[in-house]
């Protein structure tokens with residue numbers, strides 16, 4: 001395929017877009033892989049008060065979640081974008097996966113906790129024994 005001189009910018013722009021899509025796809029793949037490593041996985045930021053509250057909730061329930069601090073990960077920003085897309089473009093952190101399944105952000109987890117469905121789910125995946 002030949003590009004004329006006037007199309008060379010457009011060709012480079014396409015390459016950049018393909019790389020961006022590939023990067024997002026790679027980040028999403030990485031998120032899914034990391035989310036399946038443990039019974040409870042939290043994607044967090046170390047300076048986020050809502051993330052701190054989420055981690056505290058699980059610890060107080062007796063769960064030892066695997067926590068990925070995205071602000072300490074070199075690919076954290078792209079992973080955060082991938083999480084945002086998974087959540088329908090809502091704020092991406094904190095995000096909780098239980099048993100490898102996306103539960104959601106703070107509002108969904110708290111709603112599950114208040115309704116009484118969180119603890120049985122944690123028991124089902126082996127994160128709680130009592």
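Any Cβ shown, glycine's included, is placed from N, Cα and C.
TrEMBL lists 1-10 with the feature compositional bias 'Polar residues'. Taken from TrEMBL, the feature compositional bias 'Basic residues' applies to 11-20. The domain 'Glutaredoxin' annotation in TrEMBL covers 40-103. Annotation source TrEMBL lists region 'Disordered' at 1-21.
Mean predicted confidence for the domain 'Glutaredoxin' (40-103): the pLDDT average there is 93. The DSSP breakdown of the domain 'Glutaredoxin' (40-103), given as helix, strand and coil counts, is 26 helix, 16 strand, 22 coil.
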